[in-house]
């Protein structure tokens, strides 16, 4: 209806436009509509000529192709629609409604998300000429339906006059600004009648009652409250019979179009709640119910119920026993008791109460013989008068309820273990059930334990009729193995539970049930026994250690599995697993890692890097150790230790129940097998002097993995029988080192190594000369770096030999091969000569190198007299010991100073010829030759006195120390003489003083007189 009124006003506005030029207008957009709901778009044309009834054509431009027109429907051409809309037009889902001759409405009954787009209304021209607009566009946006309305479906039974409250949840999640309206409806029984509106909250947040509920809304009998953002509650204070039927809630979502008109876009209804209303009845009946077995000592509760009364009657109840009133409760809840029962109520033996508006209760907590008889209740409906007193309107009484006490009968006792298990594992809970048969009565129970190999029972626990629990001496205090708990399941069933059992808990358990009787002097008792066994956890504990690869390649990964086998695998007991390691060089096991039963991981500190490359996984009865990047440090013996705890150990600090250690397992970490292969073919290179050459070292295959190579180049001169000399070495870290014989600047510049590719290395030799002739080869080493930073050599291969020859230059050096030998005395000088048989041209220079060799030792370069006259010593210490010079054009001399015994051996020289070559000119070694080996024998010299003295260490020490000893003795003698002379002088002086003292004493008087006279003379002067 809102859409039709909008369209009417829309077209009324458009008719007011002046007629002159054609103008087509459509509803202003954008228009937001929900998926699955209808939409109507109006189109009007004015200022047209021709017939009053104009034709309209509707098209859409979809967002996927905004420039492509998709034809929907036309009032002129039935075949106007494109294929995507043909079926919807035929089914009536899309149609055009003509409002007037120049106005239409495009209807889409059920929107789809693909219907979103820009809609165009076009009017074919009926004018004499084109003047004005012939089409107009508007945007339609299809949004998801997010409206939700829910209410639980239920059936309610109410009495007339009672209140009713129903809650409806309505929510939306639309991105656009929308309003929500909520309406409650009632459908009368039969389903064919139209729903009656009860009350609604409009989109403008205004409460609007339905036509039939206006008066009740004004009287606040019908209300609609919004409890939260999405919660709406319908409240009816006093139900009427006309309210019976099905109630439901309808939520409607509204949106405001650009022309400020509100349009609904979604609408949802909830499930229905069926309401049945019972008419109010003024009359009532009274019944009495008894809840008891009528046994002595048992409680008795009598309930007086009022049936079919009004909604809220004012009732008072009166209790009678054997026709005598014992208690009453008025309508205000005031209690009145007779004297005897007032005393029993004060002692807690009796309770009279009002359970509800229509229920009264009389409760006796412990029945006795005095309580046998007939009970009756009387209920009166009353109303309060103006004076405040209660006026009885009607009175009803219940039938009598007779109470007769039952006599105690013989009982049967059944004892069993919980879950029917008489064999449990250590640490498990042991639970016993003791059930007494017969009539309900207060019972007490006591539990006894007879350990194995004993006959005397031990008291475990007991519970009296009052529920007080007593524990035995050995069970009263929590011990190592747990606690004892006694529980009363019902009046006849008792449970004894011993948690964290130990092996000592095995044996026979006895349950004694007792019942007291007022008419008997002794209590009645019944007994039952059962035997149980507690098995040790350690008895079935087995630990095994295994590995899929006890022999591991270096840097590979290996795993160790510690498997626990026990007969109690289903108990899920906590385990502590300790991994231990004994290195190959030790006899002591060290802790690697400890996974405790409470989840804590403790790492040992024996292997520093072990934690960073180890993964530990642990399940209930299995622990796995995964070690990555194995090194030689991990070589050794492994074992695992398992400790079993009880299930409550997470909350206490009890020691383990059992433990076991696996067998030791040896893990060997070995180097991987080398797959290195080097080209072993030999070759010969013949070169011109002073040219450059390359010697290749080709690798045919290598081992897999992150391995590094070391390349070492060796050289063996042609003219000597010396061992291979190291030229250059490029180690596995790409550091280049020069051999001992190639440290000179000239040789460092001559030889260079290069890594051409991963599998090809070259030795570059610059300016080849005669001294470079010989054989060359390379040695390739494979190195593996372990995680601890240690390099390991996997293998070594040597290449084939490359022989380097020089093309003839016409020059040839010949050194005299005359055999020479000489004996020389120690500490003398000796000269060794090397002679040329012929001398070359004046442009030729010569250099000589002197070598020395001794049996069981390698050759040694002593000195090198270069072609330019410079001397280069093999060792710096030889500079003072020997001298090399050229005595003539054909003679070279090596002179040894102060020959020692160690200088004996073979000496020889190597003479090289040098000439200038190339531009710019450079001295090149063209040819060389060696002399015959010359033998030098050193004889020991004749010993002299100084030499003998120096050669004897004791004599040398004696000659050095003796003067000091004699000097010391002389000083001591002089000191003694001085001391004796001084002592003698002192004695003589003392003798003179004694004599002088006697003379002085004799002449004392005269001396005194003379002194006084002298003093007087001095004063007179």
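Note that Cβ sites are derived from N, Cα and C of the backbone, with glycine treated the same way.
The shown structure was predicted, so the numbers you read here are calculated from the model rather than taken from an experiment.
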So which range, 913-933, 934-954, 955-975, gets flagged transmembrane segment in Swiss-Prot? 955-975
Which of the listed residues, 44, 287, 598, has Swiss-Prot annotated as N-linked glycosylation site? 44
Site from 322, 788 that Swiss-Prot describes as N-linked glycosylation site, others unannotated there: 322
Determine the mean pLDDT over the domain 'Ig-like C2-type 6' (656-794), rounding to the nearest whole number. 87
Closest to residue 377 (disulfide bond): which of the recorded positions 44, 511, 562, 697, 778, going by Cα position? 511
Rounded to the nearest Å - Cα separation of residue 434 (disulfide bond) and residue 909 (disulfide bond): 116
Neighbour tally for residue 697 (disulfide bond), based on other Cβ positions within 10 Å of its Cβ: 27
Residue 322 (N-linked glycosylation site) to residue 511 (disulfide bond), Cα to Cα, whole Å, comes out at 43
To which of the disulfide-bonded residues 43, 249 does the lowest count of other Cβ atoms within 10 Å belong? 249
Glycosylation sites compared (44, 322) - highest count of Cβ atoms within 10 Å: 44
What are the DSSP helix/strand/coil residue counts across the domain 'Ig-like C2-type 7' (808-925)? 6 helix, 59 strand, 53 coil
Proximal but sequence-remote residues of the same chain as residue 834 (disulfide bond) (Cβ under 8 Å, at least 6 apart): 815, 816, 848, 850, 891, 892, 893, 894, 908, 909, 911, 931
